[in-house]
Amino acid sequence: MGRARDAILDALENLTAEELKKFKLKLLSVPLREGYGRIPRGALLSMDALDLTDKLVSFYLETYGAELTANVLRDMGLQEMAGQLQAATHQGSGAAPAGIQAPPQSAAKPGLHFIDQHRAALIARVTNVEWLLDALYGKVLTDEQYQAVRAEPTNPSKMRKLFSFTPAWNWTCKDLLLQALRESQSYLVEDLERS
C-alpha cells in the first residue's frame, strides 16, 4: 500500500461515525479538479472508512485523493487532522506548503524537486511563460529577474533564463513555480507526473 493511501485510511479511521457521515456529505459537494468525476452518492453513503479509502484512491489516485481528503477535513474544521494527513503524505520528500500538491512519490527521484527532475521537458514544452512570470513576480522573482526573462525571444529561452535563477531557490519557491504550472498548464504537469 502507498503512503498516501495509508494516510487517508488513518485519517478516516480517526473520525467519529458522525464526522465520517459529514465527510461523505461534504465530499458530494466539494469542488473537484477538472477532469475528475464524483463518487456516486448511493455507493458513497454506505461505505465505511476502508471502503471509502479504496474508492478515493481508485477514483482520484493517491496524490489527489490525499489532497482532496485534506481539503474536506479542513472544510469540516479539522485543520489539525488535515495537517497530519498532508505531513504523512509528504514525509521524507520535502513537505509542500498547504494547498500545493507535491509530485507523486513514484515519479520523484530522492532529493530532486519536480521542477528539477523535469527541467528539460519544461524548457521544451511550456508555452505560457508570461503567465508563470506574473504568478512568480514579487514572490520569487525580482523586477530585474522578471524583465530579464521577458527579454528573451522564445519560450524555451525564457524558460532557460527562468531556470538560471532556480539554484538559489528553496523548496517553497519551486513549489510556487509548480503551483503556477498546475494552474496554467495542468495537462503538461499531469503528463510529466505519469512519465
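The backbone N, Cα and C atoms fix where each Cβ goes, and this holds for glycine too.
What Swiss-Prot records for 1-91 is domain 'Pyrin', and it gives sequence analysis as the kind of evidence.
Taking a C-beta cut-off of under 8 angstroms and a sequence separation of 6 or more, K55 (ubiquitin cross-link) has the following same-chain neighbours: I39, A43, L44, M47. Positions annotated as ubiquitin cross-link by Swiss-Prot: K55 (among others).
Swiss-Prot lists 107-195 with the feature domain 'CARD', giving sequence analysis as the kind of evidence.
The feature ubiquitin cross-link is assigned by Swiss-Prot to K174 (among others), with experimental evidence given as support. For K174 (ubiquitin cross-link), the same-chain residues lying six or more positions away in sequence with a CB closer than 8 A to its CB are H113, F114, I115, D116, T166.
Marked as phosphoserine by Swiss-Prot on the basis of similarity to another entry: S195. The Cβ neighbour count for S195 (phosphoserine), using a 10 Å radius and every protein chain shown, is 9. DSSP classifies S195 (phosphoserine) as coil under the three-state reduction.
For the domain 'Pyrin' (1-91), the number of residues in each DSSP class (helix H, G, I; strand E, B; coil) is 66 helix, 0 strand, 25 coil.
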